[in-house]
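Right, one structure below, let's go through it.
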Amino acid sequence: MTDPSRLVTPERRGDDLGDAALRPQNLSEFVGQQQARANLQVFIDAARKRKEALDHVLFVGPPGLGKTTLAQIVARELGVGFRATSGPVIAKAGDLAALLTNLEERDVLFIDEIHRLSPSVEEVLYPAMEDFQLDLIIGEGPAARSVKIDLSKFTLVGATTRAGLLTNPLRDRFGIPIRLNFYTIEELESIVTRGARVLGTPITADGANEIARRARGTPRIAGRLLRRVRDFASAADAEAIDRAIADHALGALEVDSAGLDAMDRRYLTTIALNYGGGPVGVETMAAALSEPRDAIEDIIEPYLIQCGYLQRTPRGRLLTDHAFRHLGLAAPSRDPAQFGLFGDTGDQE
């Protein structure tokens, strides 16, 4: 199974609880996602001026890019209450009803992993989002009756890493869909520099750059790497985190110059050496690495594709020449027909 303790996993880990102090508190402090942030500011200002609930918001993007942080900022900027839960936690319609009936006017309800809601819960959510009403069935059999409960006008903020798993009726009820993208190195430098300041740790510009370059475009990983590099700097009695300290620390932690760790290199090396660089189907890779398909598609591959090391083609996964150069291997000569014209068309074996 994918090791949840991977330093560069974008998924939330137990030690990320310390990130709360590093999180921006409002949109002006939030770095990156410029267009999404600007649009969100307009929608928030308009709702606040009209004294109305903000339209329902859907954040889509890989883990660790700030979906939860933005949801909290939305509530803070609106000056309303904030309740948070996740799709798997809402097991039955009654759980959702309890959450919704306790919301005050214009409050924000945040549902992480909203694509994992059960169909029965989704059915209850539709009228709640559209008409601010709950349609519940009370009792069973011939004695069962339908009850309508009026709700306060609230804002649902959903977050998902798998937009394709959302049902169309649910997706269509979000008036403000926002896609979050990986961050640039410059944006991550700003995040690392701010984080070091919050932690009271001096850092040089080249030290922040070294951490940012290896943070895989993800603020959550940048904060995690910063905390670990800070440990190395403290142990060495360094006055500040500079490039040399950061390079030594991240090398010791097996995070290479491109932000790849042992799992990433194992994935790339398996395709390169065992399958001639590909194409190879994702199910074959799942068996070869003893990893579930979801972990490969959601955790391992996105950053490798973003970096240009991997292509999803109609015939399967294919390493690029860039990947071979990074591994220090000679790229094989390949028929151009192996490359798909339009990327991924699903799993191919």
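Numbering starts at 1 and runs along the chain as it is shown here.
Glycine is no exception: its Cβ is also placed from the backbone N, Cα and C atoms.
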Per Swiss-Prot, member of R173, R213, R228, R230 binding ATP alongside L22, R23, G64, K67, T68, T69, E130, D131, F132, Y183, R220:
R173
Going by DSSP, how much of the region 'Small ATPAse domain (RuvB-S)' (184-254) is helix, how much is strand and how much is coil, in residues?
51 helix, 2 strand, 18 coil
Round to the nearest Å and give the CA-to-CA distance linking R312 (DNA binding site) with Y183 (ATP binding site).
22
List nothing but the one residue from F132, Y183 whose Cβ has the fewest other Cβ atoms within 10 Å; the candidates are the binding-site residues.
F132
Along the region 'Small ATPAse domain (RuvB-S)' (184-254), what average pLDDT does this model show?
93
R293 (DNA binding site) and F132 (ATP binding site), Cα-Cα, nearest whole angstrom:
38
Quick one: Cα separation, E130 (ATP binding site) versus R293 (DNA binding site), in Å?
35
Taking the Cβ of R317 (DNA binding site) as centre, how many other Cβ atoms lie within 10 Å?
26
